[in-house]
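A.B. asks: Pasting a structure here, questions to come.
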């Protein structure tokens with residue numbers, strides 16, 4: 001495809017029919033023609049309200065994952081060693097008595113319970129898109145997430161010491177269904193945002209990284225207030241409940257806005273006409289609506305998809321399963337080393353750099369019409385797997401600690417997050433350059449599937465990484 005691919009109106013007959021020039025000399029999103037042969041003018045997005053809503057929705061997409069991941073102190077308390085506790089035979093033995101078997105293996109199990117069901121749901125995204133409307137998927141997934149997070153919040157203040165293993169199982173079950181709901185929402189949001197112009201896609205992608213910042217800040221503030229791990233968990237799980245409810249309300253408002261009606265309701269897929277090297281589509285009511293071939297779309301974006309897949313495979317191989325075990329090399333027990341080191345370095349710093357990478361990839365205008373930047377950068381990120389493994393992660397039994405410096409670890413995780421953000425944004429922003437307009441929804445669904453495969457594969461690898469330490 002050409003880098004500049006304007007909307008055209010099939011032939012001169014159609015141009016005369018609509019009374020418009022052969023090529024629109026305007027932004028592709030400024031003027032379009034609907035099936036009633038009327039010109040639709042793009043309404044203003046007042047106060048960038050629609051843009052901000054997509055930011056919030058993007059943030060909400062990964063909120064369950066981030067909040068469960070950053071509540072590490074709470075999980076460690078709930079799963080601590082207890083007198084006469086029962087050994088769990090399916091967990092890897094732990095010779096470090098500072099961690100119970102449940103504690104040492106929880107993060108890996110959490111990652112698998114989150115990513116595998118999520119990936120399977122994302123694989124079904126194309127099927128779900130055909131069977132359920134975007135609106136139904138949005139509302140149902142948000143409601144499911146709200147109910148499950150409310151249950152999680154209630155469990156915080158219950159004494160689970162006498163049923164610790166059952167609590168462990170209930171928690172993983174909650175994570176499974178939370179991430180199924182989150183994945184359904186993710187597919188719906190990315191299907192929806194493809195109807196809007198590219199700035200809304202940027203808002204959604206950047207919002208995903210913002211979710212990590214929100215979760216980390218919520219945890220740090222709770223710790224700063226001096227609350228116990230249980231009370232801290234209650235505060236930021238309650239915050240998650242409120243944020244999901246806010247997302248539900250804002251989405252309900254979005255569907256009533258003129259900008260939503262312009263992009264989604266007033267402009268069906270058959271209203272778009274695009275020039276490509278092989279096909280021209282003329283708009284004559286519903287007579288020539290282009291048919292989307294999944295295989296054709298896949299051939300166009302498979303390299304982008306593999307870059308996305310490998311990028312998240314590398315990330316999930318060590319984050320958070322390995323990074324959550326990395327402690328300060330400073331053996332003095334200070335507030336920084338015992339309380340703030342993990343949430344600030346592993347969670348907040350990573351999420352801030354991830355967010356910065358997504359934003360900077362737009363500001364410096366990296367080439368999104370070429371596959372090579374994302375491919376090369378995702379491949380180079382492989383180096384972070386051994387780097388993280390040689391940091392001061394505990395417990396460990398096999399590998400030595402070669403990176404014995406907190407500042408160097410902070411630099412590594414900063415670059416790790418920054419490159420993850422750049423590749424994530426480039427691959428999603430590149431989609432319109434490789435497919436036609438009517439193929440965007442299918443392309444976004446396939447990209448989400450590649451993302452899910454990368455996450456699930458990486459999470460499975462992470463379990464082995466922890467036991468290689």
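A Cβ is built for glycine as well, from the same backbone N, Cα and C atoms used for every other residue.
Just so you know, TrEMBL annotations are computer predictions that nobody has curated.
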A.B. asks: Of 79-100, 233-254, 255-276, which span is tagged transmembrane segment by TrEMBL?
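C.D. replies: TrEMBL lists transmembrane segment for residues 233-254.
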A.B. asks: With the ranges 371-389, 390-408 to choose from, which does TrEMBL describe as transmembrane segment?
C.D. replies: 371-389
A.B. asks: Write down the single range among 139-158, 279-298 that appears in TrEMBL as transmembrane segment.
C.D. replies: 139-158
A.B. asks: Which stretch, out of 29-48, 309-328, is listed as transmembrane segment by TrEMBL?
C.D. replies: 309-328
A.B. asks: Please work out whether the transmembrane segment (205-227) lies in contact with the transmembrane segment (49-68), by counting C-beta pairs under 8 angstroms that are 6 or more apart in sequence and asking whether there are at least 3.
C.D. replies: yes
A.B. asks: Take the C-beta pairs under 8 A between the transmembrane segment (164-193) and each of 49-68, 139-158, 233-254, 309-328, 409-434. Which stretch has the highest count?
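C.D. replies: Most contacts with the transmembrane segment (164-193): 139-158.
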A.B. asks: How about the transmembrane segment (49-68) and the transmembrane segment (233-254): do they have 3 or more C-beta pairs under 8 A, pairs 6 or more apart in sequence?
C.D. replies: yes
